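Residues or ranges marked as substrate binding site by Swiss-Prot on the basis of sequence analysis: Arg67, Ser68, Gly69, Asn80, Leu84, Ile85, Asp86, Met94.
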Amino acid sequence: MKLDLKILDARMRDYLPAYATTGSAGLDLRACLDAPVTLQPGETTLVPTGLAIHLADPGYAALILPRSGLGHKHGIVLGNLVGLIDSDYQGQLMVSTWNRGQTAFVLNPFERLAQLVIVPVVQAQFNIVDEFTESDRGEGGFGSTGRH
């Protein structure tokens, strides 16, 4: 798949999104910062990537997801948990960055911060019904299928 990428900050030419390994599902996104940013415990900030994408095809969307190491080791996750980039969005990719940890975290310029995953999308249409055809599960939810 070819994807239109717009470089909004010339410094990002050296830090384009890339797959870390041949088996990687996510492209690494980096913090486009002029200076280090310190996130205090509980603080959230919006971090620019210096990049914009245009998927164009409504059959695709992009997800901005946290990097597992930052979350596990430092408590750095996404403030919105998952960022959804619609196919018609053309603005800068921004990363809502939340320090849910107990200590301050310093985010350095061009540090890998999140990952971008391209996913297929199916746009549903609704068929309004008065009743559903009964299923084995029915309305059971939140633990209704048991623990084991």
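These residue numbers are counts, starting from 1, taken along the chain as shown.
Any Cβ shown, glycine's included, is placed from N, Cα and C.
Sequence features, as recorded in Swiss-Prot, placed on the structure.
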residue: Arg67; record: substrate binding site; DSSP class: coil
residue: Asn80; record: substrate binding site; DSSP class: coil
residue: Ile85; record: substrate binding site; DSSP class: strand
residue: Met94; record: substrate binding site; DSSP class: strand
Check your understanding: Tell me, how many other CB atoms lie within 10 A of the CB of Ile85 (substrate binding site), whichever protein chain they belong to?
Key -> 20
**Study point:** Among Ser68, Asn80, which are binding-site residues, the residue with the most C-beta atoms within 10 angstroms of its C-beta
**Key:** Asn80
**Study point:** Residue among the binding-site residues Leu84, Met94 whose Cβ has the most other Cβ atoms within 10 Å
**Key:** Met94
Practice item. Pick out which of the binding-site residues Arg67, Gly69, Asp86 has the most other Cβ atoms within 10 Å of its own Cβ. Key: Arg67
Exercise for review: List nothing but the largest Cα to Cα distance in Å, as a whole number, among the residues Arg67, Ser68, Gly69, Asn80, Leu84, Ile85, Asp86, Met94 that the record says bind substrate.
Suggested key: 26
